[in-house]
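A.B. asks: Sharing the feature lines straight out of TrEMBL:
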type: TRANSMEM; residues: B:6-24; note: transmembrane segment
type: TRANSMEM; residues: B:69-95; note: transmembrane segment
type: TRANSMEM; residues: B:107-127; note: transmembrane segment
type: DOMAIN; residues: B:129-418; note: domain 'NADH:quinone oxidoreductase/Mrp antiporter transmembrane'
type: TRANSMEM; residues: B:133-151; note: transmembrane segment
type: TRANSMEM; residues: B:163-184; note: transmembrane segment
type: TRANSMEM; residues: B:204-230; note: transmembrane segment
type: TRANSMEM; residues: B:242-267; note: transmembrane segment
type: TRANSMEM; residues: B:273-292; note: transmembrane segment
type: TRANSMEM; residues: B:299-318; note: transmembrane segment
type: TRANSMEM; residues: B:369-390; note: transmembrane segment
type: TRANSMEM; residues: B:405-423; note: transmembrane segment
type: TRANSMEM; residues: B:453-471; note: transmembrane segment
Amino acid sequence: MELLLVLILGLLYAAGVYLILRRSMVKLLLGIMLLGNGANILIFVLGKITKGSPPVIDGAYKVFQDIYADPIPQALILTAIVISFGLTSFAIVLLKRVYALVDSDDLDDLNTPEEEDI
Amino acid sequence: MIDNHILAPIFVQLFTAIIQLMCWRKTLTQRYLSVGGSLIGLMVAFRLFNRVYEGGILTLNAANWDAPFGIVFVADLLSVTLVLLTSIACFAVSIFSSVGLSRQRMLYGYFPIFHFLIMGLHGAFLTGDIFNLYVYFEVIIISSFVLMTLGGRKAQLEGAVKYMAMNILASMFFLTGIGILYGITGSLNMADLSIRIQEVQNKALIGITSCFFIIGFGIKSAVFPLYYWLPSSYHTPPSAVAATFGGLLTKVGIYAMLRVFSLIFIPDDFTRILLMVIAVLTILTGAFGALIKTNIRRLFSYLIVCHIGFMIGGIAMFSKVALMGAVFYLIHDIMVKTNMFLIAGLIRQLRGTMDMNKLGGLYSEYPKISLIVAIVLFSLVGIPPLSGFWPKVFLFQEAFSQHQYFYIAALIIGSFVTLYVIAKMWSEVFWKNPPASEGMENLFAPMPPYKKILMVLPIGLMALATLYIGLNAEAIVKVTDIISTQLMDPSAYIDAVLGNKTD
């Protein structure tokens with residue numbers, strides 16, 4: 001399980017970096033999303049995966065009796081997912097507006113020297 | 001000492017923003033609320049600063065969870081100094097934008113977003129939890145995205161794409177670093193991390209993790225190989241926004257570096273050399289970039305990059321005197337850079353352009369305004385009694401005692417290039433006879449007098465603050481002395497955070 005996740009997160013990071021290095025704006029967006037998901041899985045894997053033991057104390061005891069799944073990485077991932085959701089939706093709207101204005105998907109075309117009228 | 005007042009600066013900004021959201025289309029109400037809220041925020045920050053200056057480090061455990069488990073807010077002297085400076089800058093920018101910004105932009109929610117941004121800054125300075133720091137970074141960048149695109153002109157949106165892509169990438173690096181750090185140590189509390197990281201055997205892994213933080217914060221604070229987004233985006237938004245960005249946003253990266261590298265990753269030889277190389281190259285490339293620019297704001301953008309290098313060099317040397325220099329420069333830089341972009345906005349109002357070739361003759365027409373501007377420019381260059389001079393003394397002193405001759409050379413070149421471009425700008429904008437005025441529009445003259453005053457007032461206020469920093473340098477040195485002592489020996493910080501368990 002861990003090996004599979006490690007492979008997936010390596011793949012996500014590699015694909016994300018590759019896509020960000022392209023010149024297309026859509027690929028930039030996809031690359032950002034893949035990197036975000038890769039980071040989330042990374043946190044998940046590094047928080048030590050424990051199967052089938054939720055961090056809930058049985059009513060009869062005061063403390064944990066056994067190894068339990070660490071809830072903090074999950075809380076972190078949840079926060080990170082919400083944040084990257086917000087960022088991604090903003091990025092989509094921004095890139096769509098830029099596409100409508102510049103009429104090009106190429107990041108190299110974003111160099112209009114116009115800088116007056118503020 | 002547990003104190004709930006730590007959260008007051010954050011809440012003041014939060015509630016200001018929320019109340020402003022309720023008067024969505026009433027721009028006049030929003031303006032009053034913004035200036036009022038910033039003033040209250042300034043007073044609260046001043047009070048907090050005094051408490052910490054006199055009483056020592058304050059902490060607050062959110063929801064009363066004990067220190068390493070819950071989120072903790074810590075107000076040590078570095079944090080509250082930066083909160084105070086941010087509040088001063090926020091007050092000035094708030095006044096300036098209430099007259100200097102078009103009503104169109106205010107209708108799209110400039111003021112609430114501005115206050116959310118300041119809230120994020122306060123939070124980032126005050127939090128003692130590294131994941132919480134990440135969350136506040138996100139609050140900052142998402143507000144800054146909105147501010148940057150507000151108005152939706154083509155150049156703005158183009159700048160925003162670069163700004164957005166690089167900042168999201170920085171966040172990803174930061175998040176990855178946090179993930180690995182949590183995997184190694186099992187903690188997120190910075191004071192707790194400071195203790196636990198010393199028990200880790202695998203030092204190479206820690207070195208690699210620290211690289212993630214260097215890259216993440218390096219993009220935010222615009223250091224050498226990572227700064228190209230800054231000069232290609234900071235000249236696009238309105239001046240009030242550019243002032244907030246130029247003065248404050250890059251400095252959060254510096255703050256985060258100071259915090260992380262003094263508490264968690266104590267710089268070893270490799271990190272020091274890496275940071276020093278970055279610092280020297282940042283100073284040189286920033287300085288040479290500034291040489292060829294004719295647009296005032298592009299020139300200032302490159303000067304931001306150049307001066308970031310001074311502070312990185314201070315962190316790289318990592319000794320008490322060097323950190324005093326870096327922190328003093330940080331204090332000076334926030335005040336001056338914010339003001340520079342406000343001045344650029346004022347020049348834009350006076351002449352309708354920011355191109356130095358088309359400007360001229362401001363001194364003969366507006367001698368009083370020019371005098372205020374001169375104070376700020378002299379401070380930036382670092383003419384002896386003014387604020388830019390004192391931190392350089394510390395930086396030079398430490399660089400000599402550590403034999404960092406490349407850094408000394410870079411400091412000298414950086415200072416001289418700053419002097420040269422500022423002198424060039426002064427003669428082009430203020431002394432030169434105005435060129436034949438084709439399509440030159442003076443937006444300043446037809447304004448009612450109270451608006452004129454409100455436009456110059458924030459610049460004057462910030463100039464006064466700069467003068468205070470320069471002429472009363474002894475007080476600032478005292479503050480930076482305490483700060484750098486706390487940074488070099490974090491045991492007071494750690495005790496303040498973790499000591500609460502025994503209460």
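Positions of Cβ are set from backbone N, Cα and C atoms, glycine also.
Can you tell me where each of these features sits in this structure?
C.D. replies: Outside the transmembrane segment (B:6-24), and at least 6 residues removed from its termini, the chain residues within Cβ reach (under 8 Å) are 30, 33-34, 36-38, 40-41, 44-45, 48, 58-60, 73-75, 83, 87, 90, 109, 111-113, 115-116, 118-119, 122-123, 126.
Counting only same-chain residues 6+ beyond the ends of the transmembrane segment (B:69-95), those with a CB under 8 A from a CB of the stretch are 3, 6-7, 9, 13, 34-35, 37-39, 41-42, 44-46, 48-49, 52-53, 57-63, 114, 118, 121-122, 125-129, 132, 189-191, 240, 243-244, 247-248, 251, 255, 258-259, 327, 330-331, 334-335, 338-339, 342, 454, 457-459, 461-462, 465, 479, 482-483, 486-487, 492-493, 496-497.
Within the chain, the transmembrane segment (B:163-184) has long-range Cβ neighbours (under 8 A, six or more residues past its boundaries) at 130-131, 134, 137-138, 141, 144-145, 148, 193, 197, 200, 202, 205-206, 208-210, 212-213, 215-220, 226, 229, 233, 264.
Remote same-chain partners of the transmembrane segment (B:405-423), defined as residues 6 or more beyond its termini with a Cβ less than 8 Å from a stretch Cβ, comprise 276, 279-280, 283-284, 286-288, 290-291, 299, 303, 306-307, 309-310, 313, 316-317, 377, 380-382, 392, 395-396, 399.
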A.B. asks: Which bits of the chain, at least 6 residues beyond where the transmembrane segment (B:204-230) starts or stops, bring a Cβ under 8 A of a Cβ in it?
C.D. replies: 137, 162-163, 165-167, 169-174, 176-177, 180-181, 184, 197, 249-254, 256-257, 260-261, 264-265, 268, 270-271, 274-275, 278-279, 281-282, 285-286, 301, 304-305, 308-309, 312
A.B. asks: Between the stretches B:242-267, B:299-318, B:369-390, B:453-471, which one has more Cβ pairs under 8 Å with the transmembrane segment (B:107-127) than any other?
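C.D. replies: Ranked by Cβ pairs under 8 Å, first place goes to B:242-267.
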A.B. asks: May I ask for the residues of the chain that lie six or more residues beyond the transmembrane segment (B:133-151) and have a Cβ under 8 Å from a Cβ within it?
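C.D. replies: Contacts of the transmembrane segment (B:133-151) (Cβ under 8 Å, skipping residues fewer than 6 from its ends): 102, 104-105, 108-110, 113-114, 116-117, 119-121, 123-124, 127, 157, 159-160, 163-164, 167-168, 171, 174-175, 178, 220, 233, 236-238, 241, 244-245, 249, 252, 256.
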A.B. asks: Mind checking which residues reach the transmembrane segment (B:369-390)? Cβ under 8 Å, same chain, six or more beyond either end.
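C.D. replies: Hits for the transmembrane segment (B:369-390): 303, 328, 332, 335-336, 339-340, 343, 346, 362-363, 415, 418-419, 422, 425-426, 430, 456, 459-460, 462-463, 466-467, 469-471, 473, 476-477.
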